[in-house]
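Colleague: Quick one: the structure is below, and I'll ask about it shortly.
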Amino acid sequence: MSEIASLQDTIFALSSGRLPSGVAVVRISGPKVRFVLETIVGSIPTPRYAAYKLFRSRNGDPIDRGLALFFPGPNSFTGEDCAEFHLHGGKAVVEKLLSEMGELHGCRIAEAGEFTRRAFSNGKMDLTIAEGLADLIAAETEGQRRLALQVASGTQRELYTEWRQRLLRARAFIEAELDFADESDVPGSVSEQVWQSLALLKSEIENHIASGKRASMLRDGLHVVIVGAPNAGKSSLLNFLAGREVAIISEEAGTTRDLLEVKLDLGGIPVYVTDTAGLRETDSSVEKIGIERARARMADADLVLLLEDMNDPIAVASDEIPEALWKIGTKADLNAESADCWTYRISTKTGEGLDQLLTNLQNFAEEQIGQIEDAVPTRQRHINLLRSTVTEIDRAINGTNLPLELRAENMRLASQYLGRITGDVDVEEILDVIFSQFCIGK
């Protein structure tokens, strides 16, 4: 469906979530909102005031009683005329209302993210705010909520807009020197000041890119991998961290052959902990696959917990162990000796050391992410476009043997890359990808 055709339709959808529920909210947007209101509830409510109404079918049969609200454009979420129906959240009730609305000429069910896409198309928000809203809806931890709300509040947009304006001003100075070099009111060698300001801007963007790793960890979670020899207590530790039995515990070595993952919320930070197959030499083809997966997951981990039975320690090859490693001695209840070779001593039988380990896992997660107070890039597409921006700025600064016209073009390209982040420039090809992340009704 073309963008132009879809904007001519009036769209509607359940926006309040899965049925049944106590209350259901149906959202409507488009040129026929007033017609829908008159058809379903008999009149158009006073803008922004809830009106208690009887919802009727096209034939006048009652459907339910509830609230109707009207938000005339352009001062609405989408910038168009919008309305909401608040009714009882019974499945049959909502389906009947949606069915009746779908029979009205020019009205159809909204596609995923279509309300937000219309808000973007009508200038009510930029792409970073839309992405922030998507992250806010998907947030599962307090840290994710805070980060998403920050982005949805426009902090990224303000920063990228300011950088883009600085680039445009710098380019204007260069083009003024090109066009009016003979005029007395244009300072000579103004371009030297421009290159200094661009060097500062480049440094700011590079620092901003570096902060993206912390945002990525908060958005996508930290990954902790439990490794060790068979029967080192890996599955027992996973069960403790999960607070339930997710892994089979057995005296038989090699019980765990696939990756088992649980998600923890540690101080508002999502942490994924993975139990892996015991690392050893084996003739079992299935177990070998599990060991290969364990080693691959280790390579991508933010932290590795290397477990060793303190009564029977079996070393794991050092070239398999990443830098971020905690060496944990297990079955401390069977070993009274203290040894400095282990970062922690734990016993899943008596609970020794487990609470301290969990506390330190949370401290580690908080140290990795830190306090995110300033705007940070939250998507890989932001990082890619920011890197392209830096590349063009660098070419402009260091192209001392090139004509000013070419260096000004590098600055124009840098400005365009920044504009693509916010959606101000040439982003049609990525809109479907971004807005498909929303659910129906958003």
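For all residues, glycine too, the Cβ spot is worked out from N, Cα and C.
It should be emphasised that the depicted structure is a prediction, and the values quoted were computed from it without experimental measurement.
Residues or ranges marked as (6S)-5-formyl-5,6,7,8-tetrahydrofolate binding site in Swiss-Prot: Arg27, Glu84, Lys124, Lys442. Per Swiss-Prot, GTP binding site is recorded for 231-236, 250-256, 275-278. As annotated by Swiss-Prot, Mg(2+) binding site applies to Ser235, Thr256. According to Swiss-Prot, the feature domain 'TrmE-type G' maps to 221-366.
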Colleague: Please report how many Å separate the Cα atom of Lys234 (GTP binding site) from that of Arg27 ((6S)-5-formyl-5,6,7,8-tetrahydrofolate binding site), as a whole number.
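Modeller: The separation of the Cα atoms works out to 49 Å.
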Colleague: If one measures from the C-alpha of Ser235 (Mg(2+) binding site) to the C-alpha of Ala277 (GTP binding site), what distance in angstrom results, rounded to a whole number?
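Modeller: With the alpha carbons as reference points, the distance is 9 Å.
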Colleague: Radius 10 Å, atoms counted are CB only; among the binding-site residues Arg27, Lys234, which position scores highest?
Modeller: Lys234
Colleague: Reported as an integer number of Å, what is the Cα distance between Glu84 ((6S)-5-formyl-5,6,7,8-tetrahydrofolate binding site) and Ala277 (GTP binding site)?
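Modeller: Glu84 ((6S)-5-formyl-5,6,7,8-tetrahydrofolate binding site) to Ala277 (GTP binding site), Cα-Cα distance: 53 Å.
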Colleague: Expressed to the nearest Å, what is the distance separating Lys124 ((6S)-5-formyl-5,6,7,8-tetrahydrofolate binding site) and Asn231 (GTP binding site) at their Cα atoms?
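Modeller: Cα-Cα, rounded: 58 Å.
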Colleague: How far is it from Asn231 (GTP binding site) to Arg27 ((6S)-5-formyl-5,6,7,8-tetrahydrofolate binding site), counting Cα to Cα, in Å?
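Modeller: Approximately 55 Å lies between the Cα of Asn231 (GTP binding site) and that of Arg27 ((6S)-5-formyl-5,6,7,8-tetrahydrofolate binding site).
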Colleague: Could you please provide the mean pLDDT value for the domain 'TrmE-type G' (221-366)?
Modeller: 78
Colleague: If you count other Cβ atoms within 10 Å of each one's Cβ, which of the binding-site residues Glu84, Lys124, Asn231 has the most?
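Modeller: Result of the Cβ crowding comparison: Asn231.
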Colleague: Between Ser235, Ala277, which of the binding-site residues has the fewest other CB atoms within 10 angstroms in the structure shown?
Modeller: Ser235
Colleague: Translate the DSSP assignment of Ser235 (Mg(2+) binding site) into the three-state scheme.
Modeller: helix
Colleague: For Ala277 (GTP binding site) and Arg27 ((6S)-5-formyl-5,6,7,8-tetrahydrofolate binding site), determine the Cα separation and express it in whole Å.
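Modeller: Each residue's Cα considered, Ala277 (GTP binding site) and Arg27 ((6S)-5-formyl-5,6,7,8-tetrahydrofolate binding site) end up 49 Å apart.
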